[in-house]
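Written below as structure tokens is the structure these notes are about.
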Amino acid sequence: MPFLDIQKRFGLNIDRWLTIQSAEQPYKMAGRCHAFEKEWIECAHGIGYTRAEKECKIEYDDFVECLLRQKTMRRAGTIRKQRDKLIKEGKYTPPPHHIGKGEPRP
């Protein structure tokens, strides 16, 4: 027990907010991946770690993708490479405001 337990004194539970997004949040705003985490926890609850690894893999993968956005970033990189390739070949010209030559806005 810490000498000054500030979290308890102010009625805060920051540890729970940081570990489980499904927990009650300070401003009643659900986390970005709240729905995916909730599905995963509901699936894995009560069946044990070994079974949960196999049976809840889809829910867990969705949750991890929401947190890390690896597939999304990989897809954005592929799209950017394709765009650069088309620009180099002369088959695509980006709009002026995408290359910094558009009209200045207030």
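Glycine residues also receive a Cβ, built from the backbone N, Cα and C atoms like all the rest.
Between CYS56 and the candidates CYS33, CYS43, Swiss-Prot records the disulphide pairing with CYS43. In this structure the C-alpha atoms belonging to CYS66 (disulfide bond) and CYS56 (disulfide bond) are separated by 16 Å. Under the DSSP three-state reduction, CYS33 (disulfide bond) is assigned to coil, being neither helix nor strand.
Sequence-distant contacts (6 or more apart, same chain, Cβ under 8 Å) of CYS56 (disulfide bond) comprise TRP40, CYS43, ALA44, ILE47.
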